[in-house]
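In what follows, a structure is listed as structure tokens, so that the remarks can point back to it.
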Amino acid sequence: MATKPVVKEKKKLENKKEIYKLIEHNDSSNKNVILEKEEELICPMCGSKNIIKDYERAEIVCETCGCVLQQNLFDVGPEWRAFDHEQRVKRSRVGPPMTYTIHDKGLSTVIDWRNKDSYGKDISADKRAQLYRLRKWQRRIRVSDASERNLAFALSELDRIASKLGLPRNVRENAAVLYRGAVEKGLIRGRSIEGVAAAALYAACRRCKVPRTLDEIAEGSRVDRKEIGRTYRFISRELNIRLTPTNPIDYVPRFASELKLPGEVESKAISILQKANEKGLTSGRGPTGVAAAAIYIASVLHGTRRTQREVADVAGVTEVTIRNRYKELTEHLDIDVTL
């Protein structure tokens, strides 16, 4: 009679096929101690549904009584660790992530340039000639028509400018999406590819709160400032891009870093700009000039003074602009600066 409950529980366990199913484990950020709950399983010893999967010990265990339901559990999760979604996408073992910065979105294949086999040994002369022809045709297949060639050139130009300016990956992706949108709407006709690429990059910088001036974009590209500004206004209107005015605060971290100023000076400059914004002192004025003046004032107040020439060179403005903004900020915010 004492064996009936055990037999009954065994029947329940047999009906629960999930106990022997492997569940894909995608979250590997805490792979050393992974305990995965499984509500559908029932412990045959105590009847508890509090079952966990311990991937560190490769066991399915009842958390209530400690009974081991299964050993040698396979961990089908990735062998790498990721701490956010972006890392998880990048490290996926199903191939490189899709990217808009490549004309084919990174979905095509490339024949490696090394003339070696899978064992690392040199291949014969006949095979090398064959690989040379295959590589040539592979390149032709990847870029099949004129529109794809133009797109490939534009995206390479965009990546070149972004690399020169040290822009992050999200800005490059955003700029590539904007450029593709301009191509789809036929906005490239009558305009230079370099000009549209530079304008898309400028718009992406403003979108992603990584501000760069038109002068900086023009310096990195082969297009003058006036053409970039004109093209930027055109594609913004046609693509219905809504961008708020650039905040001077967005420039402070970069300027302070280039001037090698401590964090206290950066915080003080941001505080000055916040007060200036509340009083309307930043509207109608160039954001770089206002940010430069705030950094200059903060550096003097904290005893780590930088000259107006040094600040002007980093901000890309004139010393006269800094002096004018300096007078406005000190007078309206009642800042006592001893020079």
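These residue numbers are counts, starting from 1, taken along the chain as shown.
Cβ atoms are placed via backbone N, Cα and C, with glycine included.
Taken from Swiss-Prot, the feature Zn(2+) binding site covers CYS43, CYS46, CYS62, CYS65, and the record attributes it to sequence analysis. Annotation source Swiss-Prot lists repeat '1' at 156-239. The repeat '2' annotation in Swiss-Prot covers 250-331. Summarising the annotation, Swiss-Prot assigns zinc finger to 39-70.
Secondary structure at CYS62 (Zn(2+) binding site), as computed by DSSP, is strand. In this structure, the binding-site residues under consideration are CYS62, CYS65, and the one with the smallest number of other Cβ atoms within 10 Å of its Cβ is CYS65.
Listed in sequence order, the residues of the same chain lying 6 or more apart from CYS43 (Zn(2+) binding site) and placing their CB within less than 8 Å of its CB are LYS49, ASN50, ILE51, CYS62, THR64, CYS65, CYS67, LEU69. In the shown protein chains, 13 other C-beta atoms lie within 10 A of the C-beta of CYS46 (Zn(2+) binding site).
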